[in-house]
Amino acid sequence: MFHILRLESTVDLSEPLKDNGIIVFQSDKLDLEPSPNLGPTGIDNTNVNLINAKGDVLLHIGIRRRENAFVFNSIPYGESRGPEERIPLEGTFGDRRDPSITIFDHPDRYQIMIDYKTVYYYKKRLEGRCEKVSYKINEGQTPPFSDVLGVTVLYFANVMPRAN
């Protein structure tokens with residue numbers, strides 16, 4: 001299934017993500033220069049999130065250009081964030097003008113790929129299936145991606161050739 005996800009919005013998936021599902025966020029722009037305006041938070045942060053039916057953020061992927069970091073976390077609904085896990089941002093996207101973030105939902109972890117190359121495995125902290133995705137930015141900042149992302153949900157069983 002394909003969905004359009006606008007900056008500062010949340011979209012319901014057509015159905016909850018099934019076991020071994022894959023979500024691909026695609027942009028037609030990449031700007032890795034830090035946002036000139038840090039706004040009230042003081043942190044250059046754009047993020048995409050996988051959210052369950054209860055409103056828990058199962059996986060938060062923050063792009064913090066000024067800190068040269070991808071930040072991974074989980075956020076139980078109405079509670080504080082857990083400890084951040086980080087990897088360097090520099091060099092992950094290469095020269096691509098159509099960047100993508102792909103998340104493969106394994107039973108115990110998320111495999112995170114940037115431009116279809118695995119960069120991190122994030123151990124699941126919260127239960128539930130992804131039913132929504134969001135694309136957010138801190139107030140007053142410019143995003144590294146286009147204002148609209150394409151979101152594709154797929155499964156290996158549907159894309160792998162099968163022998164007869």
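Placed from the backbone N, Cα and C atoms, the Cβ positions cover glycine too.
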In Swiss-Prot, N45, R64, R81, E84, N138 are given as binding carbohydrate, so which of N37, N73 is in that site too?
N73
Around the Cβ of R81 (carbohydrate binding site), the count of other Cβ atoms that are within 10 Å:
12
With carbohydrate as the bound species and N45, R64, N73, R81, E84, N138 as its recorded binding residues, calculate the greatest Cα-Cα distance and give it in Å as a whole number.
17
Additional residues surrounding carbohydrate, by Cβ distance to the N45, R64, N73, R81, E84, N138 centre under 8 Å:
I43, N47, H60, G62, V71
To see if you understand the setup: which same-chain residues, six or more apart in sequence, place their Cβ under 8 Å from that of E84 (carbohydrate binding site)?
V71, F72, N73
